[in-house]
Amino acid sequence: MKITRLTTYHAAPRWLFLKVETDEGITGWGEPVIEGRARSVEAAVHELAGYVVGKDPARINDLWQTLYRAGFYRGGAILMSAIAGIDQALWDIKGKTLGVPVYELLGGLVRDRMKTYRWVGGDRPGAIIQQITDYRALGFDTFKFNGTEEMKLIDSARAVDAAVVKVAEIREAFGNSIDFGIDFHGRVGAPMAKALLRELEPFKPLFVEEPVLAEQAEYYPRLAASTSIPLAAGERMFSRFEFKNVLCAGGIGMVQPDLSHAGGITECVKIAAMAEAYDVGFAPHCPLGPIALAACLHVDFVSHNAVLQEQSIGIHYNEGADLLDYVINKDDFHCVDGSIAALPKPGLGVEIDEEMLKRTNENPPDWRNPVWRHSDGSIAEW
């Protein structure tokens, strides 16, 4: 079997899908994307195509290493996301060729169901309590929301209090019947993170995500020493080599690599295993589309330290399409009491409606990240 062609499709609201075809008619799907930089990743995918067209798709490890090493320069968001989507598609092809789900190729299940959580509240959170109430009725008991709006490097007591009041209201409304993670989203600088963690600790959040940006990772152990709240990070780390440094330094209780950013299944299986050696949980970042979610689930189902899975049904970014709109076999992704069962079909186990993708690409979406500014006019972290 040889790879014959790579085709990319833009998908609303902000996704990029990749179809990898072979000379035997078996196709694989991947999701290589950086939110807001889909066209850059698309260009990288097609530039990398020369390394894989004409090659045997079964040699996943060799192709991955070639894509990573052959260009001399390596790593970074764009290249690793391009590799991630190609890698996902190769695993999809291999599973379909052998007639088994990808998790069987990775050693088999360590669990029958994977716990997921729901996003509530957006960048400017509104009726979070009502959203939680609605999702509780569907069986979900674990949620995540943004902890702050834009925050200055040194900000006021009012800014801290605004974040605390929101969390206090949620805990008061639901008691300990729910769990929630709080996403600082890289908006909080190191000087304010310690104060926020101290004030939020009485409300027992399940975790705080990106307490500071990845480039300030040296603060993770210092912040962890100041709080009992587990700290989570990893959506803006792109290889096991970046996670190696964070794990060795300590401080993180949960790693969150993104299967569409951090080199795909091949790389993230290794990251999960590294984290397990440090007694650190694995909770893949995935506010993306169905192919990315499927890839995450296969790694979750073979990783003993997988604790939670993010998924984007109903997330505030999903304008124009929701998570399963491009999926034919929607029932396989059905959540029961907030958990998803192991996907039963061969490969990644997601069947994509290519005709719908083609219609979407007649007028392809071009999503961009919001640009925020502080009151003084300076750029703010979104």
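Think of each number as a place in line: the chain as shown, counted from 1.
Positions of Cβ are set from backbone N, Cα and C atoms, glycine also.
Listed in sequence order, K144, F145, N146, G147, V208, E209, E210 are the same-chain residues at least 6 apart in sequence whose CB falls under 8 Å from the CB of D183 (Mg(2+) binding site). Residues or ranges marked as Mg(2+) binding site in Swiss-Prot (evidence: sequence analysis): D183, E209, E235.
If you look up Swiss-Prot, you'll see H185 marked as active site, proton donor, on the strength of similarity to another entry. For H185 (active site, proton donor), the same-chain residues 6+ apart in sequence whose C-beta sits under 8 angstroms from its C-beta are N146, G147, T148, E209, E210, E381, W382. According to its DSSP assignment, H185 (active site, proton donor) is coil.
According to Swiss-Prot, the feature site 'Increases basicity of active site His' maps to D258. Around the Cβ of D258 (site 'Increases basicity of active site His'), 30 further Cβ atoms fall within 10 Å across all displayed protein chains.
Positions annotated as active site, proton acceptor by Swiss-Prot: H285. Mapped onto three states, the DSSP output places H285 (active site, proton acceptor) in strand. Long-range Cβ contacts of H285 (active site, proton acceptor) within its own chain (separation 6+, distance under 8 Å): G234, E235, Q256, P257, D258, H261, E310.
In three-state terms derived from DSSP, E310 (site 'Transition state stabilizer') belongs to an extended strand segment. Look at Swiss-Prot and you will find E310 tagged as site 'Transition state stabilizer', backed by sequence analysis.
Annotation comment: Swiss-Prot describes 361-382 as region 'Disordered'. Long-range Cβ contacts of the region 'Disordered' (361-382) within its own chain (Cβ-Cβ under 8 Å, at least 6 residues beyond either end) map to 9-14, 35-36, 38-39, 123, 150-152, 185-187, 213, 317, 320.
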Worksheet item: What three-state secondary structure does DSSP assign to E209 (Mg(2+) binding site)?
Response: strand
Worksheet item: What three-state secondary structure does DSSP assign to D258 (site 'Increases basicity of active site His')?
Response: strand
Worksheet item: Taking the centroid of the Cβ atoms of D183, E209, E235 as the Mg(2+) site, which other residues of that chain lie with their Cβ within 8 Å of it, listed in sequence order?
Response: K144, G181, F184, H185, E210, A232, A233, Q256, H285
